[in-house]
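> Pulled these from TrEMBL:
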- 1-338: domain 'K+ potassium transporter integral membrane' (DOMAIN)
- 14-33: transmembrane segment (TRANSMEM)
- 45-65: transmembrane segment (TRANSMEM)
- 122-142: transmembrane segment (TRANSMEM)
- 162-193: transmembrane segment (TRANSMEM)
- 214-234: transmembrane segment (TRANSMEM)
- 240-265: transmembrane segment (TRANSMEM)
- 272-293: transmembrane segment (TRANSMEM)
- 299-317: transmembrane segment (TRANSMEM)
- 351-592: domain 'K+ potassium transporter C-terminal' (DOMAIN)
- 369-390: transmembrane segment (TRANSMEM)
């Protein structure tokens, strides 16, 4: 709207209604091309912004020299004091407008995650700040001679011969700034989803080379509708600017708070310097915040209303997800119960690999019991898959899967923690995912056999030097030392009566005279795994319903049974993220009482 408003003084009859209509048309066109990705037009961004800032600086310098170069006296800080002394409360209120002098430039670079620190420092120090400074000095010089142009100072200060080129540049720069804000919103939503603070939504990666270029259809159309509604209702850049000022100062306050925490906990900076940072920057930002909050009734309520709605959605989703996870941890199946069932798990084991998705990294999820009760048979190999996002950009493929055995060997049950970085693209075909998972599982089995063989060698070599008394943990007090010698994947029930015949044969053979590839236990397990692979993969998923306990408070029942349930029904299902054919999916229902 601010860019298109230049036509009001240039074209006769171009009023407020025409301004709103043209702005809405541009907004709809901008949001409609988002699905094609910014990479298609991204090559225009750098030259357009370079021309934009060059024109700002050049026109500002021209006006400064032509009209009143004495405005450079404003660099003297004494004028700040004189300004407040003369205008009082009006000067304090004017600080809200001063914020908007920098926020427009910040919007153009809102999606800063795609640039290096050095590039941002050079761009803002050598290009953005000097050009903005010259532009506002030039406008001040123009106002010294034409004070009545305050309402339309930007376009009035442009020489007549340069109006249309500057208008086109202004419109393109405004669209690029809007594009940067949209892309930044997509990135924020994606990271909030990875942290479990936002309902799952469909994410489309629009570029194969740039992983950060994403498109979220629901958010895109929501933003478009809200922008059209806001432009239609406000019909004035002044009220929208008041709303924008509150949002920007809020971002600054949050950023300063987070930087202070990072300085204290991560950088471990000197405590005196840590205190100085919020004291200097925070006091200035609080002063500006107090000024922009006075504009709440004049449009400033808009970002506060949106923030309140999104805060409620994010809090309800996180609150319900945490309660559901705690319920899963509390109700997980004990290992003793599975041992009582035996290696058949109380049912029939048929060839195949069952991938049971859950959020637990330890223990056996309760939903597994529902599968045992509901299905007439269960797969010969069970893998509990838990997907986790780690705070690194990308996880190498060889480090993506972490395996651990669940139960004795003849149970053929494993836990797999699948790790993704926040820039990893989860678009691999399910066949590729299965191949990577099986390759990592085979590598784990070979590594496990190698570790067990090495352990047996160490134990056999120490039998002659260790007395019977020293091997008694209660007599010698070395229980902790003996415990450390046992690898994590080793099961303490290894020598119980339930041990399979292949394991007994393996334990009787000294590894010093048996090559690793000839280990009967390993070869048997690998052959069983290959047979399961040939029979195919089945994705075992839970269709969980979360309900508040009957003795819960009314507010908790309202939040969980209605609001959180509504979000779960309307968010993207987990199966949609895996691109798995429906014929490979088995679902059972379960109610979590939280």
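Cβ atoms here come from the backbone N, Cα and C positions, even for glycine.
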> Taking a Cβ cut-off under 8 Å, which residues six or more beyond the ends of the transmembrane segment (299-317) line up next to it in the same chain?
192, 196-199, 226, 230, 234, 238-247, 250, 292-293, 559, 563-564, 567
> Using a Cβ-Cβ cut-off of under 8 Å, list the residues of the same chain that are 6+ residues beyond the ends of the transmembrane segment (240-265) and lie near it.
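Beyond its ends, the transmembrane segment (240-265) has Cβ neighbours at 1, 96-97, 99-100, 103, 106, 230-231, 234, 271, 273-274, 277-278, 281-282, 285-286, 288-289, 292-293, 295-296, 298-304, 307.
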> Please report, as numbers and ranges, the same-chain residues at least 6 past the borders of the transmembrane segment (45-65) whose CB is under 8 Å from any CB of it.
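Distant Cβ neighbours of the transmembrane segment (45-65) are 71-72, 108, 127-128, 130-139, 141-142, 157-159, 162, 165-166, 169-170, 172-173, 176, 179.
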> Counting a contact as 3 or more Cβ pairs under 8 Å, with residues at least 6 apart in sequence, do the transmembrane segment (214-234) and the transmembrane segment (14-33) touch?
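They are in contact.
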> Cβ under 8 Å, sequence separation of at least 6 from the ends of the transmembrane segment (14-33): give me the contacting residues as numbers and ranges.
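Cβ under 8 Å, 6 or more out: 1, 4-5, 7-8, 41, 171, 175, 178-179, 182, 220-221, 223-224, 227-228, 231-232, 235-236.
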> Check the domain 'K+ potassium transporter C-terminal' (351-592) for me and report the mean pLDDT.
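Computed over the domain 'K+ potassium transporter C-terminal' (351-592), the mean pLDDT is 72 on the 0 to 100 scale.
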